[in-house]
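Structure first, commentary second.
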Amino acid sequence: MSSTATLNYISQQLNIYLGISMFIFGLIGCLWNMLIFRHYSIRLSSCCVYMLISALASLIQLIFGLLIRIISEGFQLDWTLSNIAWCKIRNYITFCASSISLSCNVWATIDRFLSTCHQIKWRSFNSVYIAKGVCLLTTIIWMLAGIPILIYIQPMQTRRTCASSSFVWSTVSTYVFNLLGYGICPWLFMSIFGLLTLKNVRRNRSQRINPIPATFLTRMARIDNQLTSVLLFQIIVTIISSMPYCIQRIYDSLTEKVIKTEYRRAQEYLFLQIVRLLFYFNYISMFYLSYLSSSIFRNLSKKVLVNLFKNKHDISREITIINHQNNEKQIRQRQQLNIATIQTLRTSTLV
């Protein structure tokens, strides 16, 4: 077997074995995220609205992006080369889904920053109603931005892929959407607001007269803190997985008219498959990062698994009992917190 054939064989096996494994883990993670972020105990958090829409968009991206790529690149069954309508629709759906997912991750990071701001005027934007409006507006914007895909994308038999027939749209797609939309903007905004969130959290802790014990913190406050930790890990994954893909797309655009040997094409094809698979970690990693870094998320995962095997009557009765217990617990915690605050003020007055 020649070196070129070996590299092509490795690329094919990567798509089959690694791609299928990633799809299975991603499918489980996205579905689990959707069940968890719809859970009655956290669905009133605006951050969970963004993460729910991101999980839904990620699921669509995995089905129309990764699964179809496994079939076409791994098993050599590429319907996009013979069906122009499927070529256009698939590229349009994957563009919208990936953009919406990354945008919602950015909005979730900004939401965490607003929730930790000291000024009430900024915290007022931290609401479920606003989050739903932002998600709807984001979806509409990306759906409109992707309309040129339905016009210019078509099968290219010479390149064995779907590509743009317009040089202008190809340039805009590479340097605006791929470089900025998938690369620089998501991790840049997530990094900036992630650092600002950490700064706010540390400042809020230092401004407390007496540190509040963890038992006095409300459930929603603990959920907010742990969601912040999850998003900080997601920033790291976004940077690692997105930058190689953007670099590859720019390189491919710059060397499009360069005459290449078969061996070089095989090398570039292998690198392309690696960075594309790496890029899908953006849509796979959220559930597993949340599970590893958040105790509340782990507990909710177990509850969701148990509730899948219960009937609706038992779940409704259990929710009523839990809500009643939580109300009583919150009342006792407020009373304890008031007593602790009074004692602290008395101590500071005597001193």
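Glycine is no exception: its Cβ is also placed from the backbone N, Cα and C atoms.
Values in this document were obtained by computation on a predicted structure and should not be read as measured data.
What TrEMBL says about this protein:
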- 16-37: transmembrane segment (TRANSMEM)
- 29-290: domain 'G-protein coupled receptors family 1 profile' (DOMAIN)
- 49-72: transmembrane segment (TRANSMEM)
- 92-114: transmembrane segment (TRANSMEM)
- 134-155: transmembrane segment (TRANSMEM)
- 175-198: transmembrane segment (TRANSMEM)
- 229-251: transmembrane segment (TRANSMEM)
- 271-292: transmembrane segment (TRANSMEM)
Legend entry - Region pair the transmembrane segment (16-37) / the transmembrane segment (134-155), three or more CB pairs under 8 Å: no
Inset, instruction - Please work out whether the transmembrane segment (271-292) lies in contact with the transmembrane segment (134-155), by counting C-beta pairs under 8 angstroms that are 6 or more apart in sequence and asking whether there are at least 3. - result: no
Legend entry - Stretch in 134-155, 175-198, 229-251 most in contact with the transmembrane segment (92-114), if contact is a CB pair under 8 A: 175-198
